[in-house]
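First the structure, in the form of structure tokens, and then the observations on it.
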Amino acid sequence: MKITVIGAGNVGATAALRIAEKQLAREVVLIDIVEGIPQGKALDMYESGPVALFDTRVSGSNDYRDSADSDIILITAGLARKPGMSREDLLQKNATIIKEVTSQVMQYSKNPILIMVSNPLDVMTYVARQVSGLPEERVIGMAGVLDTARFRSFIAEELQVSMQDINAFVLGGHGDSMVPVVKYTNVAGIPITELMSIEKINAIVERTKNGGIEIVNHLKTGSAFYAPAASAVEMIESIVKDRKRILPCTTCLKGQFGIQNVFCGAPVKLGRKGVEQILEINLSADELKALQQSASIVEQNCRNLDALLG
């Protein structure tokens, strides 16, 4: 198993290290356009192997040819958000970057699974699919896992219980229009509505929607990277080990939830082939409407890029 990570910034480097530490691949390649950065970080990671107890070969490069024959390619390249900048502000600039990155990696790997982390996430997943020509089930966006992790952590913090006992789904686009599904949220099987007032639930939903911005405002000069990297690696682990985890991921919906040909967050079964099944769970009327509105925003942003994609 060979996994390439595009982008040696905070998210990419953290993800590469977690992949190595979990020994999910025999080889991890970290690629970035800045000379010396991927090489230095990769060497540092590799030298941690004896004490972190892994034998994965980690290398860095500025040459896409070193990504050849990758099984999974994690794309984290792109501009990070700054305070006051929405994900949509990044649209045109990052779409150009992702178009180039995808074109490059597809020259050297025949049928990889692409996992997108770059923002605006849902739209960049669409760009990668259009440029790569890969089957839709092999181009997946990391959004719902991260948003759900934030939702779960906030609930656990409020209730003072283990995060491991919080079960939840956050669907829809990765942004202000995401849809935390309260109906399927429980604590060790106990419905969240029996443990928390609607007012507190709604406050946590709003905090989840602004989870990324909250971190950006703290950091001032960067954005979240530990949780995004961990979320991406959770997806990779399910694929590599063919665990068939049910995870909320950005995928191309084909009529599910009344949404047609739009990349949007939904519960999927994630295995060795990528997205092996989309689970069309029952939603309340309000949740379904919110999900469809979220998908509509993603679709409009995708249409705005059609000229760029040709």
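Just so you know, glycine gets a Cβ as well, placed from its N, Cα and C.
Per Swiss-Prot, the candidate among Asp32, Asp71 that belongs to the NAD(+) site alongside Gly7, Ala8, Gly9, Asn10, Val11, Gly12, Asn94, Val117, Ser118, Asn119 is Asp32. Gly9 (NAD(+) binding site) falls outside any helix or strand according to DSSP and counts as coil. The recorded positions listed here are Arg150, His174; among them, His174 has the most other Cβ atoms within 10 Å of its own Cβ.
In this view, the densest Cβ surroundings among the binding-site residues Gly7, Gly9 belong to Gly7, judged by other Cβ atoms lying within 10 Å. The full span of the recorded NAD(+) binding residues, Gly7, Ala8, Gly9, Asn10, Val11, Gly12, Asp32, Asn94, Val117, Ser118, Asn119, taken as their largest Cα to Cα distance, is 17 Å.
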